[in-house]
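One structure is given below, encoded as structure tokens.
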Amino acid sequence: MQLKLEHFNIKIGQHKILLNIADAKELGVNPGDRVRIRGRESISAIADTTDDMVPPGTLGVFSEVYEHFVNWDKPVEVVPAFRSKSASVIKKMMDKKPVVQEEIKTLVNDIVEENLSEIELSAFITSSYIHGMTDDEVEWLTRAMIESGDTIEFDTHPIMDKHSIGGVPGNKISLLVVPIIAANGLLIPKTSSRAITGAGGTADLMEVLCPVEFSSQEVKEITEKVGGALVWGGATNIAPADDKLIRVEYPLSIDPYYQMLASIMAKKGAIGADNVVMDIPVGPSTKVPTVQEGQKLARDLINLGHRLGMNVECAITYGSSPIGRKVGPSLEVREALKVLESMEGPNSLIEKSAALAGILLEMGGAAPRDRGKEIALETLRSGKALEKMKQIIEAQGGDPKITSADIQVGQYTADILASADGYVIEFDNKWIIEIARLAGAPNDKGAGVAIHKKMGESVKKGDPILTIYAEKEFKLETALATAQRTNPIVVEGMLLKRIPGTYGFQ
């Protein structure tokens, strides 16, 4: 059937089209069926129907489909599409039947090419969440994800990389680790994410200083020029299947374990990483609650890395309270720059950054065994890491002269005060993140929270224990009300409760 295009300028995150009910009946297409659209290109899309949004003879297309037909002024041919082979692969996985490598590859290709509906994707995600995957299947999934998008091939090796499992607010260490590694002569092209449920991913933070959206080729050029890069992975077309899976995982609030392994390692494989250090924060409100679970995750990452030809080391790190004392893009960037400028900053930030950078320096041969942390600290003290950070900022289109004093934070503030003398005995990471998000982070770069008291520290009644920053007054009010209701930082005196004797004094 020949239909003229009508563009709906809306991005919905998938290939979807609208058919008039009359045209759909003639084609034999029901809502949720696939169709093949042929014009300048040939693509598949999921059909929906309407009796009034598009007239007969017209095909309504959303932006993701329209991108394939920009400036195409002729009718397109629309025909029913055959059922994807991946549907039967997903059915096998749901039935706990073994699959082969070619089936996994077909599945990933169909995900990237938008040949699967969200229902089918949800079935795949739920199946792997419930039934798990074998080591072979995880390796095949990872390799297919690498091959599905752009890859970077460097002429110089080794290539270093670092990844944090997440779940800890204020984890800004990449802003220190990357320049430390690059300042010691190793290449580290760090592709990072934006925050999905957090108050600021590394890409959100770096965007305070310079652009972060670059093609894979540009990432290679920046890295080869200055030794390192801190960019948003979503702009590179590296492992694009991952973004499409995340789109479905998010509303389900699940992150299947084996898909998480594949997602992490696919991004490392796509940039050609030889040596990778994994930061696994452990604590009650992190993604990895116990040391035992952290050790299992470490073993699985190391094993998968070995299968893919990567050397992986893991660091189990303390995750019960934030890294540093600031949460939110501009606040965190200011804190990180102060460390680079003068070593002035929280010990938790300096120690963790130096420890992880030290492991990478040893893995890359830039430091003898057990001296990596010492060399990382010296790189910070000497100003070499700061100079390298300035080079990275400039290479990515930012101002290399920017300092911590130049970083602007939200103009609206409110303090949470200690209700009694005592000590901080409880710290809820999840509510700290939520309060920062309600204040506007990460979209409002100046929003977030400053933490004045951490676990075990003493306080006096009326001392500020938390300051909320916002760029908009109504967001400050919402964040403040939530902080007062949830009490994310609990203060108690040394005497928790007095229990009187039954018989009184004699």
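Here, residue 1 is simply the first one shown, and the rest follow in order.
Each residue, glycine too, has its Cβ placed from N, Cα and C.
The model shown is predicted, which means the values in this text are computed figures rather than measured ones.
Among GLY167, GLY170, GLY227, the residue that Swiss-Prot places alongside SER193, ARG194, ALA195, ILE196, THR197, GLY198, THR202, SER263, LYS287 at the AMP binding site is GLY167. Residue pairs drawn from GLY167, SER193, ARG194, ALA195, ILE196, THR197, GLY198, THR202, SER263, LYS287, the listed AMP binders, are separated by up to 18 Å at the Cα level. In this structure, SER263 (AMP binding site) is part of a helix by DSSP. Around the Cβ of ASP255 (active site, proton donor), the number of neighbouring Cβ atoms within 10 Å comes to 15.
It is 13 Å from the Cα atom of GLY167 (AMP binding site) to that of ASP255 (active site, proton donor). Annotation for ARG194 (AMP binding site): same-chain Cβ neighbours under 8 Å, separated by at least 6 residues, are GLY201, ALA203, ASP204, TRP232, GLY234, PRO442.
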